[in-house]
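Visitor: Following this message is one structure expressed as structure tokens.
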């Protein structure tokens, strides 16, 4: 019987609906007749792959000393497990409650987690995707502390009421054995001792349990006799307790910054009381109280003095001092300052046995925003170099871009320059967290993530499930840093860091990089392998001026006099300054002609890597700050940088270091001379989306627009003096006047905040080689411009020949008018050829700008996109346009709309990209309502629509990005990157790609008791806990105390996760196991029935013998 596939039916329905809504011009071939679409819904499936970065808001930590696996719990209920570099795993508790404590079942492949909602969970780590086997939810008491002895199946749980319950971790059932608080403390005590803050068994006697209460009382409990052997009292509250490995002493840390050492058999008085950071008075009085010592660990060595490691305890007079970890070894005390507050720390030891010399070799310190591992074996306690980048940024991430299938030579180039940035002084030993095994490498293409933040960019390498820092670029060093309050950077334009990066544009092939900041500045970078010292950085300042122009006379058709390309409308424009202007920033008048940031004038040493080529800044005008840059693009083949905001767009030639064009949105809508200012509203020229009339435009060579100041700028020497050229962008703010039905212009200072938000702005750019005008037969360089109001306009570019002429002749630019109209702001644009293949922007191969001229000429060959041949009346290109509401495919050069698809009506698209998938292309969208969608090209058939992640934070909207080959990512928290895939192939291979946490390792041998200890009984005393805590001895626990919740278990987890060939084998193995289990149960039932029958037979035979010789009246 043929298998019914509902997906294919849906594909057919969507194809019919899409084709029925599409319109085609007469004589134009339908797309399905030309382009064979191969993508189907079977190619798509959405799932999470791996999470990178530092766990957000960590709360607890545990380490398996045999498996060498580190586990970190967070306040949001997440679990992150780390092994060797590339071995990471993420899990999540469904309740989302904070993880208060973690306990490994050492070398068993299991983990116990205790949550703030008074539940404990048993995780199975023997599978690639860990699953919960059992859960236990306490109903009447709150969990405060847990302790699981080494090689024991009985878990001690302390509660807020001061009681201790015992759980069997195999079955996750409560034992009837309970240690009540009123039996543990002295009967004469009148107050409650408080919650249980510590539980541990004596290293040398498993039958003795040490219980610490918050009030300062410590009790040594005898498990067999069910009574307290000793009680130790101290006036200050207890935070932690640590044993000496011989079991004769233990150390307590208190809230007044003291450490008390107690002999087990001398409970009356502490053997030693010290205040590590307290000032010792000369008169012998008690030291001044210090901050609480939150945790202490006491570890011994065979060859030397023991180590005592503690956190906290600093003096109260150290105001503003950072958190410290104190290491006391013999007579030396080392105080190690940390960058962030300490959450927890663990001392790593050579042996897992608590009754042996511990031999500590490292300390893992969990900070609020970092993980530090300290080497205890070297002088000075250096830290280990972290193999996985837990700290993915130094300040909040403001932008993120994702690039897949990058050039092969790019990764080594970035790695070589990035390796020089690594700090020195790390420990020479290997990273101690070295457990787990890598998965199979089914991914052969390299991926790069670029994250932008306050003042730097990070380049990350993604390979399989590994993340590695390649290179760090500091973008703020080009500006002067504030040394005092008077020199503080101008932050009136933004409330955040003035150096924060807002958007970026990167060309991997040419390695050109362009970033735009929140202070309305743009920086252009080139990549070089040689170090240079730039004497002076070239700065181009652009002034955005709102001119007061008289309104047209309502009684006539006259218009105000407009400036022509040869004339100027103001004295400033006729005489542009050729020297740097300090501007006006006095209290007597408004700020004018000054940027938000000051470019440094001193020589700048630029290391190998990305080096500053050009700095562009928008300046204040009449007391109004410049508008933030909303869109940015760079093209290495054309040598152009284009950026836009709510005032219009500007095109900068970074080869000639000149501003080519500044154009307001009203001029973009008008297909005329871009320098002919027309007093008309841009909204009046917009056409309905259905029919766009043909436009006429003339190409201007712009040679007459190069003022004398620009010519001087080009011919001057950039390395000798700082030359700032001011260009004035007259972006008219036009709006209709309701009274006289005319248009008035006002300064930006009179525009309200609501008007600013509703003002149309540039939202996207796309460099291409296409047909600039409707009906053209030859392709030429073009620029597609999209706005926040859904308009898509074409700008034609005329490039001079290469070589020296490119550096001398100007680039011609002309607006060709509106090409299409969409609903919502335009997010992305792309170009396809007649076969449906993506036409990427042309690029120039990378060359080292500091190399010799011969090497430059060898590599400097422009690689344009292949120009399609066009015949009269035929369309050979298709423009793909996607906005916040809909997507369209427009035929070029006829500019006829072929397909339209309304993506969403009730929400809006946050991110859209045209990506390569399974050898062809599609549109991927992420909506604010959490839906992730894909559309085929060019017919715009819906292929995937999954409700994945509702928008709960602007960070997600700011960082969500798609990439080729079915990959996507976003910042799920301020410190973590979540990678997802929408590719069915990647989902099928996910099990093979993921790493294994558990590896079979033999448990180290127990320490030798020695001849005399074995002879006289001085060794460790074992305890049969089953006899004490089992149901036979202790009875059943109260059912109302806790509720057992069975987890999905490893079987169900494997069923849900297994896929592909390996998945089939796994499912077959599971089926065999289930069949064997059922057969075993059947065999047990058969054996029980046989035993019952045999018993009945014996009983019947006995009855027959008993009444054989008796008469009926004797019965």
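Numbering starts at 1 and runs along the chain as it is shown here.
Cβ atoms are placed via backbone N, Cα and C, with glycine included.
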Visitor: When TrEMBL marks a stretch as region 'Disordered', which of 773-807, 808-842, 843-877 is it?
Guide: 843-877
Visitor: Identify the region 'Disordered' range according to TrEMBL, selecting from 491-546, 547-602, 603-658, 715-770.
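Guide: Of 491-546, 547-602, 603-658, 715-770, TrEMBL gives region 'Disordered' for 547-602.
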Visitor: With TrEMBL as the source, identify the stretch among 445-469, 670-694, 895-919 annotated region 'Disordered'.
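Guide: Range annotated as region 'Disordered' by TrEMBL: 670-694.
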Visitor: Across the repeat 'WD' (231-272), what does the pLDDT come to on average, as a whole number?
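Guide: Across the residues of the repeat 'WD' (231-272) the model's pLDDT averages 94 on the 0 to 100 scale.
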Visitor: Residue counts in helix (H, G, I), strand (E, B) and coil for the repeat 'WD' (231-272), per DSSP?
Guide: 0 helix, 21 strand, 21 coil
